[in-house]
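**Q** This structure is in structure tokens; I'll ask about it shortly.
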Amino acid sequence: MVLNLLFITTVIKSTFGVVTTGLWLIPLLLAAITYYRYDAVDPESRPLDQLNLWPEYDFIVVGSGSAGAVVANRLSEVRKWKVLLIEAGPDENEISDVPSLAAYLQLSKLDWAYKTEPSTKACLGMQNNRCNWPRGRVLGGSSVLNYMLYVRGNRHDYDHWAALGNPGWDYENVLHYFKKSEDNRNPYLSNSPYHGRGGLLTVQESPWHTPLVAAFVEAGTQLGYDNRDINGAQQAGFMIAQGTIRRGSRCSTAKAFLRPIRQRPNFHLSMNSHVTRVIIEPGTMRAQAVEFVKHGKVYRIAARREVILSAGAINTPQLMMLSGLGPRKHLEKHGIRVLQDLPVGENMQDHVGMGGLTFLVDKPVAIVQDRFNPTAVTFQYVLRERGPMTTLGGVEGLAFVHTPYSNRSIDWPDIQFHMAPASINSDNGARVKKVMGLKESVYQEVYHPIANKDSWTIMPLLLRPRSRGTVRLRSANPFHYPLINANYFDDPLDAKTLVEGAKIALRVAEAEVFKQFGSRLWRKPLPNCKQHKFLSDAYLECQVRTISMTIYHPCGTAKMGPSWDAEAVVDPRLRVYGVRGLRVIDASIMPTISSGNTNAPVIMIAEKGADLIKEDWLHNPEYKVKRQDSDSASDSISAASSNIYSNSNFTNSDSSNVTLTATAADSRTSS
């Protein structure tokens with residue numbers, strides 16, 4: 001046990017940098033002891049990394065994030081199906097369980113640590129005009145890095161998906177899948193027809209709040225917005241945030257969906273396994289196997305029925321293009337044989353927000369890092385599962401509001417607010433500015449003068465951007481990071497809508513209820529916006545373009561749509577057009593981004609996607625498996641795997657393969 005404690009403390013210190021003084025060491029050791037003892041007796045303890053893999057599985061799921069963990073759980077419910085889940089990163093660790101330390105996970109080895117390409121329209125206050133794009137490289141994916149906010153989106157989002165030619169994706173159909181996953185423990189929602197109880201994913205409010213969030217909700221009512229469950233009958237309104245936490249700790253999809261199945265005999269998990277491509281046989285256009293590298297060894301594992309890509313909106317399109325599926329000219333540029341010309345990597349959308357709105361208060365009611373006694377705070381968290389360490393990454397309040405650009409005749413707001421009882425200055429520059437990638441000159445001039453002062457913030461974010469970005473290959477090397485062009489504010493109306501959202505945020509902060517705290521706006525202008533009158537539309541737009549912040553919600557890069565939609569990559573059953581035995585089940589398939597945080601919608605997509613697979617393979621007589629002999633199968637995989645990387649020194653592993661007699665409904669011809 002002593003060795004385990006030393007290891008845990010070393011991980012915390014070296015990986016996350018949070019052990020900076022002797023004062024921190026004692027409470028973190030106590031926390032480590034508690035976690036060690038908890039894991040030792042927990043019947044749902046950590047999943048096992050399978051070292052002895054079978055040569056074939058019925059289903060191979062690539063990516064264990066918000067979608068992949070769910071898919072693997074649901075498919076392995078069918079005992080006769082062998083399921084392999086492949087994850088590029090390691091397991092979660094003790095720090096990832098602590099909700100308030102979410103920022104310390106970003107830029108760590110649990111994060112892909114992507115950056116957008118330089119822009120002249122956005123991210124102007126960030127280093128090299130590039131925004132950081134955190135993505136989870138860990139069991140549980142981005143559900144381990146995110147701020148745990150549980151937001152389903154708006155019913156009109158899903159009705160719109162159905163109207164685009166995707167039957168079965170309307171709100172009435174998807175509500176069932178939201179409720180299926182959910183175990184909502186908020187007492188005031190116990191009888192709500194919009195929420196589920198007894199699901200695998202725990203949802204509840206943080207047990208600790210500052211008085212500022214109550215004022216935020218009250219301010220909303222003063223502006224005419226109700227205090228309501230934004231995941232219920234209507235969305236427009238204000239509320240205290242709900243999050244995916246359990247007993248005061250983060251409830252990632254790994255904890256919710258993978259730990260309970262770790263001993264299923266038909267389920268294998270391979271961690272630290274970097275998938276390099278899907279092997280597709282050109283003659284039959286069937287996904288035959290998955291190739292990945294683990295501990296320096298190359299594996300090729302056959303998929304008897306299907307390969308499911310759940311690697312997220314960045315890695316899924318990258319993997320598809322590496323496998324020969326994507327825009328013809330782009331693949332040919334990198335010397336990749338085109339197996340199917342598809343608009344992979346197009347249609348990328350993200351919720352972009354305006355950071356930096358800071359309000360100072362005279363009373364000690366905000367989160368100021370240097371104020372908290374680490375011993376007391378840690379004891380409160382470990383022993384009582386309460387206290388500041390349970391806060392949802394710092395976000396306490398949510399709101400959905402209408403700007404003049406939205407249609408008020410329907411409940412479909414166009415701006416969301418994240419309210420936090422802290423701001424960029426609250427940690428004295430220790431972490432937040434690094435996570436944002438903020439230029440040092442901007443921080444020093446605007447935020448350093450109020451370092452460690454009590455403050456709070458509202459971040460307005462754009463719910464339905466009109467601009468579209470792209471994901472492209474940097475090269476044909478699967479270990480090279482892709483090129484991410486967020487293309488924020490390519491449509492000028494996006495910036496104008498955020499400006500209107502900022503105006504509403506300022507009205508919220510000016511409400512009578514905040515006067516009890518002496519709340520006032522910090523009026524230090526951004527250095528590159530001084531030419532504009534402070535708080536004018538021109539100034540606010542400059543701030544929107546300067547402190548442009550991703551809300552970590554990229555999606556849409558393998559768009560779902562009917563066969564007549566030229567932009568579609570997958571059909572409404574999530575099958576890749578022109579390829580047999582290959583589906584995409586993650587945020588990539590969203591035709592348009594959902595109106596709110598995307599973790600809950602992605603889990604819903606995974607629940608529904610798993611059901612679609614079960615329907616096809618258990619009830620559709622066209623879905624059959626025909627075995628090949630082992631030698632011919634290995635030869636087939638070897639032949640298919642030789643046509644992408646001519647300079648590859650990968651070697652075949654022992655594997656067997658089967659062919660499908662059924663074709664995924666597809667009216668397009670393969671290239």
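From the backbone N, Cα and C atoms, a Cβ is placed for every residue, glycine too.
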**Q** Which range is it, out of 324-352, 614-642, 643-671, that shows up in TrEMBL as region 'Disordered'?
**A** 643-671
**Q** Please give me the CB contact count at 10 A for VAL275 (FAD binding site), counting all chains in the structure.
**A** 27
**Q** Within 10 Å of the Cβ of VAL138 (FAD binding site), how many other Cβ atoms can you find? Include all protein chains, please.
**A** 29
**Q** Checking distant contacts: for the domain 'Glucose-methanol-choline oxidoreductase N-terminal' (136-159), what same-chain residues at least six beyond its ends satisfy Cβ-Cβ under 8 A?
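**A** Answer is 47, 63-69, 87-92, 96, 99, 102, 105-106, 109-112, 169-171, 173-174, 178, 203, 230-231, 235, 241-245, 250-255, 258, 269, 271, 312, 392-395, 398, 410-413, 416, 418, 552, 592, 594-601, 604.
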**Q** Under the DSSP assignment, what numbers of helix, strand and coil residues are found in the domain 'Glucose-methanol-choline oxidoreductase N-terminal' (312-326)?
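**A** For the domain 'Glucose-methanol-choline oxidoreductase N-terminal' (312-326), the helix, strand and coil counts are 11 helix, 2 strand, 2 coil.
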**Q** Looking only at the domain 'Glucose-methanol-choline oxidoreductase N-terminal' (136-159), how are its residues distributed among DSSP helix, strand and coil?
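**A** Each residue of the domain 'Glucose-methanol-choline oxidoreductase N-terminal' (136-159) counted once, the result is 8 helix, 2 strand, 14 coil.
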